[in-house]
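Undergrad: Below is one structure. I have some questions about it.
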């Protein structure tokens, strides 16, 4: 039983860097200034897992981690831990493995610069190789790895006992009689074990997709195969796509695996399954994968992915602050990050959650991290939201750092030669940074000769933090009108996002377009419920930022959907806290190239709009749809328990979020003891009145009769990005990262009412 993860890829098999990883080597693991220990690391022969040990004499049953769990590998002292706990002289020998989940970085030192480069190059190659595997290859890879694990005596044969162990490992519970029947069916040699072609036969039975067979057989009308004409019929009739014969031929050429069939312009069942697993066959419309919206509208016309207390990795009372938290948020296309700034020692401002035990990081280190990772996943502007509690002297240091580190990318004056009347667009601000904070004078003063005469001055702290209650609620003895000095140098770089307190819609209407307010969660929710239309009109020309209540000390989140319905652009969430709310945020910003900017519907960009999501009066926003969904099956759901005998009992919930009238949820029955290939064929129907504001969430849970169901995976996407027809739905884990082999198979039909 060969368990080589790159089997069949001669280039990878003979790659020197890969061979280096397979041989392994000693690395110095860094946790702190006092904890530095040598570990022997190597890549397992499956080319999918790394393992390590303290001494070479120990058995290789030590902890491992999967290549799939690695988000990135960084050469050099790029992490906080390495910069803090190592010397400059090991810069070239250092590298870090960054993980997708909340798992801590792995900081390592190689014995030489050449060796460090080889580790990084090898890991990057294997990560790239794994990401390029097609779904069938990933499934085969996963199954054969599980077979290797079940092959206890490593004889490349599978006994009946090992087969049962393997089935439990991949989340299937079958009775002894069926296991015996399956085993005997494949044991052609009647030797009492499976090997070679017998294992291949077993694999084929295991991965058979009955539901795919039915669909394929219906349209495979050309000697048992699908011709281009047959495939076109399927695309037009089932998938409801405006496809042509040319489109069908392209799909055959792209996804057919059998060379002989491809030459005859035919599609086999394997090729058809390959197509259904690829971008064209997924539930998310591939036309929405890239930037497809108008990016030339004013900033206020977009929803902007926003983070609250971005520097925190955990809770708001004693959790760690880290520059890595900024990196993680930015890599998830967050476009508005928060910096909570306080006076630090040695004249250097720090970032932490004031009046708490959260750890501190240097302001300049946070700005450097933001600069380094701001435009890795999106080229559109990043807003630095400052909550500043620093003295004037350290405010000047803050300004100096931002100007020095961000350089010409920092917007320090309005675009153009004259005072603008509206915000610039995301397109005009590509690759630029905006500062949100307090400003001493009007933006118009940038164009007056005597503007430099403005000196440091007093501002109310309430306005300084944009009206945020965080400090006032935590320290009620502080007078609400307490004055704080604001440094002119910091004031001058606040251009399009001047923080002011909200005193009502009438007062706000009289203010300049660049004066914006922050709203605590409860205030914003009340406005979105009781004054929705006025709030929407306010948010046509003004920017609004909403943040979680100060009582959410566990860094929990609120439902962002009612605030988006109210036109709020920056609905800030705790990115470090997984759950429904972050699923909705990730789903909302899934479209438009994951740019972090989503263009609002037209009725949220019209200052005279009559739209009210609560009362939902008649208007152009009403585009009622009937949403039919059939949950057919799931594939390779992950085990939730380390116990080999624990098998999930999956069920699927289909949820719709949007305006109040559209919110709904329905669920399937649960399937006992089958996480590998459960099948439901359950039909649901929803009515959606305002599709442009609706999100659809597919949630898979493990049923539990005694307690709450356990989360298995989910996928959320905009209603307007749904594709009709038979579609695969990828599943994400609780942190929003893809579950490599897991998914749902559904049928979607959206019809006009």
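Just so you know, glycine gets a Cβ as well, placed from its N, Cα and C.
All TrEMBL annotations are machine predictions without curation.
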Undergrad: Checking feature assignment: region 'Disordered' per TrEMBL, candidates 453-483, 484-514, 515-545. Which range matches?
TA: 453-483
Undergrad: Which of these binding-site residues has the least crowded Cβ, counting other Cβ atoms within 10 Å: 45, 338, 340, 649, 704?
TA: 704
Undergrad: Which residues, sitting 6 or more apart from residue 49 (substrate binding site) on the same chain, put a CB under 8 Å from its CB?
TA: 43, 64, 65, 66, 67
Undergrad: Counting other Cβ atoms within 10 Å of each residue's Cβ, which of the recorded positions 29, 308, 436 comes out lowest?
TA: 29
Undergrad: So of 33, 309, 673, which of the binding-site residues has the fewest other Cβ atoms within 10 Å around its own Cβ?
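TA: Comparing Cβ neighbour counts within 10 Å for the binding-site residues 33, 309, 673 gives 33.
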Undergrad: For the domain 'PH' (20-128), what's the mean pLDDT in this predicted model?
TA: 87
Undergrad: Can you name the recorded positions among 37, 41, 308, 338, 647, 649 whose CA is within 10 A of the CA of residue 702 (Ca(2+) 5 binding site)?
TA: 647, 649
Undergrad: I want to check the contact list for residue 353 (active site): same chain, sequence separation of six or more, C-beta distance under 8 angstroms. What comes out?
TA: 309, 312, 316, 317, 321, 340
Undergrad: Does anything in the same chain, at least 6 positions from residue 189 (O-linked glycosylation site), have a Cβ under 8 Å from its Cβ, and if so what?
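TA: Residues satisfying the criterion: 198.
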Undergrad: Provide, as an integer number of angstrom, the distance between the C-alpha atoms of residue 41 (substrate binding site) and residue 338 (Ca(2+) 3 binding site).
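TA: Answer for this pair: 38 Å between alpha carbons.
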Undergrad: Of the residues in the domain 'PH' (20-128), how many are helix, strand and coil by DSSP?
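TA: Looking at the domain 'PH' (20-128) with DSSP, the answer is 35 helix, 38 strand, 36 coil.
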